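Swiss-Prot has this to say about the protein:
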type	residues	note
TRANSMEM	13-35	transmembrane segment
TRANSMEM	45-65	transmembrane segment
TRANSMEM	90-110	transmembrane segment
TRANSMEM	116-136	transmembrane segment
TRANSMEM	157-177	transmembrane segment
TRANSMEM	190-210	transmembrane segment
TRANSMEM	222-242	transmembrane segment
TRANSMEM	252-272	transmembrane segment
């Protein structure tokens, strides 16, 4: 792969990663399709995908830095603006409760989960995840019990964490699973999305660092420019995608995202079967 071509591939995949990582549409499904069409597959490609996820994570940190620092008691000038109708406040305990179920299962079944990364499993995950999004919209309480993220209870955070376990199924979408779980538990669409983004930072950071450590043998200095381009593109596009997404869900439901997932599942079938 020539230098120019590899950088172009990196830029394209960085855009795809940034666009899809935090939307409930499955970044994995998109990455395997685009990677296959670009002829970029194998161990180096897998390592590349892991590294550029760090760019997406950095976008969340930049977007929610005040809230993230506030969780650990560090305030720069003023605490994060209160979001909700009650007097509660999102705390680090909420995040830890949301992490525990997936962390435990992920560590126990890490190798088994990695073996599930194939087009068939991803296709089915896209479909089931789409059905869950529709179910969340249909079955959610008419009046959310947690209007803002600061209204969330420990129980809601833990149950959302249990739903996050579904995202261990490649192609399911971590944001899709957590947002759906939040809505079914009476958390507003917007608050569930915000909590999903905040929960993503420690979850994705931990998983990515573990994957990078296990993939270190596939890294070489010649790949640094390609990885850097992918990282930067993922960061920039994810930043735009998160801002746009949070504005969009104030006006529309998740039904269009569910339909889009079904379309992507069909695309996986066409490309790989």
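Every residue number used here counts from 1 along the chain in the order it is shown.
Quick reminder: no glycine exception, Cβ is built from N, Cα and C everywhere.
Sequence-distant contacts of the transmembrane segment (45-65), counting only residues of its own chain at least 6 positions beyond either end whose CB sits under 8 Å from a CB of the stretch, comprise 10, 13-14, 17-18, 21-22, 31, 35, 194, 197-198, 200-201, 204-205, 208, 211-212, 215, 218-219, 223, 226-227, 230-236, 238-239, 242-243. In summary, the transmembrane segment (252-272) does not lie against the transmembrane segment (190-210): fewer than three C-beta pairs, each 6 or more positions apart in sequence, are under 8 Å. For the transmembrane segment (13-35), the partner stretch with the most Cβ pairs below 8 Å, chosen from 90-110, 116-136, 157-177, 190-210, 222-242, is 222-242. Stretch with the most C-beta contacts under 8 angstroms to the transmembrane segment (116-136), considering only 90-110, 157-177, 190-210, 222-242: 157-177.
Same-chain residues lying 6 or more positions outside the transmembrane segment (157-177) and placing a CB less than 8 Å from one of its CB atoms are 21-29, 93-95, 97-102, 105-106, 109, 113, 116-118, 121-126, 128-129, 132-133, 184-185, 187, 192-193, 195-197, 199-200, 203-204, 257, 261.
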